[in-house]
Each structure stands twice: as structure tokens, then as C-alpha cells.
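What follows is a single structure, written as C-alpha cells, with notes after it.
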Amino acid sequence: MRKIVIAGNWKMFKTQAETQEFLQGFLPHLEETPQGREVILCPPFTDLSVLSKTLHGSLIQLGAQNIHWEEFGAYTGEISGPMLTESGVRFVIVGHSERRQYFGETDATVNLRLRTAQRFGLTPILCVGETKQQRDAGETESLIALQLDKGLVDIDQNNLVIAYEPIWAIGTGETCEAVEANRIIGLIRSQLSNPNVSIQYGGSVKPNNIDEIMAQPEIDGVLVGGASLEPESFARIVNFHLV
């Protein structure tokens, strides 16, 4: 059965003090959250230990924004699976467009990170999506098919979340129409061997469009950027209303 998965990606925002302030405003709203919704926070690495202690026993699961494919070694600036699990992490974002764009992530390295996440008992959130140029050229479907084909080699689809993030809609304020996002996510699902993989939409998700997004039959959740940084905003998204 497909789960509703709502993840907040904090990117490079929030100090430990700001994280504690966020939680004070956000946690009370979880009393209103319907059962069966997986809520994940993916903070910077420096906030993981603080969140792990504070969130213990709560509805929120802890996620990370990256994982290296080696268990240990001379990889300056990276973090390993054992380090994440020791910090209480259960989910990890892999292949986000910003990692691909700014840090040279490829489908091959994405696959290595996915395998490693699963090897250490983590559930990876695989991000796929197209740029505006690729979309305008009519390459969306073929590009995503290629990302899935290369990224999912030897990956257990029983322990996987996928996020469709049209790159042209990330941080731009421009949102993919909900019906179009639903169509693309349906195409993604058709390429999977497991029809019960939860597939999220990510790209300028906000309180004023969450209900329409989650009304789409193929969409199982959202990967939220900027709107996850404010307690009231993220709470409204987590507690979306089905229409």
C-alpha cells in the first residue's frame, strides 16, 4: 500500500538554535495530523543530533540530505551511512537537482549512494526531474526514464521513495500544474516493478497549493523546500485537506 510521505528539505538553512525555535512552533500542530502520514525533516548535518534527541518518540522521522557510497575513508566533506544511522536518521535524499547541478552528481553516483543507503537500512528519496530547456525540447519523459533506468540498478523498490522535482519549478515560485505533475508521476510509476512505491512532487510546494497537489491520484506526498522552514507554513502542508 502506498504511504503519504511529506518531507521538508531545509538545505543549508537553520542553526541549532533556529531549529529548536522551529520545533517549539511546529510540534504542537502534529496533534492535528491524520494517522498514516509519514513526516520527515531533512536538516543540515549539524542539526541532526539536536533533532534526534528532541524528536525521539514523536511523529517526525529524521532525514539527511546526502550520503557517501563508502563506509569510511578520505572523502573530505562527505558523510557515511553508519554516521547517519548513529545520528538517528531513517531517510536520505539522493540525487537532488542541486547536488547534480552544483556538485557534479551523476546517475552513476546517484545509484552508488542509493545502494549504500539501503545497505545501511536507510530509505532513500530518489529525486528525478528535468530542466526548463529539456522540458521545452520535449525531453521530459525520455530524460526521467533514463534517470530511473540508471539510478535504480540493483535497488530494492520495497524500500524506496521517489520525488519528481521539475527543476524549473524549484525555488522559482513557478509551480508545475498539479494535473501535469500527476501525469508525469503516473509515467514514473509505470516504469517501476513495485506499484506501491510512494512518489512525491517537489517544486514550489506551498500552503496555497498543497490541497490541489494532494488531490491528484498518483501523487503520494511532497518534498518541500522553502515552505518547510516556517512552522505554520509546514504545518499547513503536513495537515493538508483532501478535496
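Glycine too: its Cβ is placed from the backbone N, Cα and C atoms.
Keep in mind that this is a model prediction, so the values were computed, not measured.
Between the candidates GLY36, GLY57, GLY171, Swiss-Prot assigns the substrate site shared with ASN9, TRP10, LYS11, SER204, GLY225, GLY226 to GLY171. Secondary structure at HIS96 (active site, electrophile), taken from DSSP and collapsed to helix, strand or coil, is coil. Put simply, of the recorded positions ASN9, LYS11, HIS96, GLY225, the one whose Cα is nearest the Cα of GLU165 (active site, proton acceptor) is HIS96. DSSP assigns GLY225 (substrate binding site) to coil, not to a helix or a strand. Considering other CB atoms within 10 Å as the measure, the emptiest surroundings among the binding-site residues GLY171, GLY225, GLY226 are those of GLY171.
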